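Chemist: I have a structure I would like to understand better, so I am pasting it below and will then ask my questions one at a time.
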């Protein structure tokens with residue numbers, strides 16, 4: 001078992017390791033284009049034309065994507081888009097109705113148990129035993145994977161160190177903060193030294209400091225060559241962590257690509273948010289100077305490559321508040337899935 005130590009887990013990794021398949025250096029959001037050929041050993045997860053229905057409801061519809069070993073791949077979509085079902089399919093907890101799934105070289109669900117032995121899962125809601133200490137929870141998770149006492153004695157201290165919980169090792173989970181509990185859940189997912197991590201909303205409910213600490217820990221895992229499948233509603237999280245991402249709705253893939261490339265392709269200009277006026281009326285004023293305008297409640301979103309002209313048209317109007325900013329991944333997500341509320 002490879003142990004996580006201060007020597008091989010950098011607290012501030014400068015870049016991802018080089019991929020053998022890519023034969024190039026990877027910086028920031030750069031990664032191989034999905035069209036490049038990969039050897040089987042370089043593919044962590046592959047879904048090909050996968051469909052899944054429950055009764056008359058199609059939850060996953062002819063979905064295909066490939067995740068390269070060592071990358072963070074984001075799966076984004078509104079509530080009910082099918083993200084949780086995709087995770088269950090990848091883990092072999094539900095069989096597909098159509099299509100094929102390969103995880104870490106194993107056909108799923110036929111050899112799902114073998115694949116799962118090399119996977120760590122961080123669920124949306126913690127499954128920690130609140131009466132047990134941090135150390136005892138790690139012991140319990142280790143037993144699930146059949147690890148012996150000696151192996152656990154070697155593995156647990158570095159994991160507590162990784163999660164920055166060394167001083168809380170013998171404190172009951174109920175007495176830990178939300179951020180500490182989330183880091184402990186991540187440590188539990190690493191107890192079997194997995195090649196692949198599946199993360200479901202890993203920072204939901206955390207304050208900004210705790211969230212950034214989780215992100216820093218996840219980046220250190222990527223620097224070690226771990227593969228991550230991330231489902232999240234938090235667009236900043238996807239932008240910071242993901243090499244590539246896929247947006248799905250009603251179980252179908254809408255778009256796939258690198259975060260910054262998708263922002264350029266789907267938005268490509270500044271965004272001006274306009275508050276305090278009648279958005280329908282203002283649309284006719286700024287519309288001729290915008291590539292696109294959208295109304296959400298009492299807010300007008302103006303997408304323009306000439307934002308100064310938009311500001312000029314609104315000059316002198318009282319009661320208006322303008323926020324000009326560069327486009328972000330949330331703009332892409334809302335453009336593709338709509339701004340209306342979804343349950």
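Every residue, even glycine, has its Cβ placed from backbone N, Cα and C.
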Chemist: Any idea which of 1-38, 39-76 is down as region 'Disordered' in Swiss-Prot?
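Modeler: Spelled out, Swiss-Prot records region 'Disordered' over residues 1-38, not the other listed ranges.
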Chemist: Per 10 Å Cβ neighbour count, which of the binding-site residues 77, 78, 80, 82 ranks highest?
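Modeler: It comes out as 77.
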Chemist: Near the ATP site, what residues other than 77, 78, 79, 80, 81, 82, 83, 84 in the same chain have a C-beta no further than 8 Å from the centroid of the listed C-beta atoms?
Modeler: 248, 249
Chemist: Looking at the binding-site residues 79, 84, which one has the fewest other Cβ atoms within 10 Å of its own Cβ?
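Modeler: Minimum Cβ neighbour count within 10 Å, taken over the binding-site residues 79, 84, occurs at 79.
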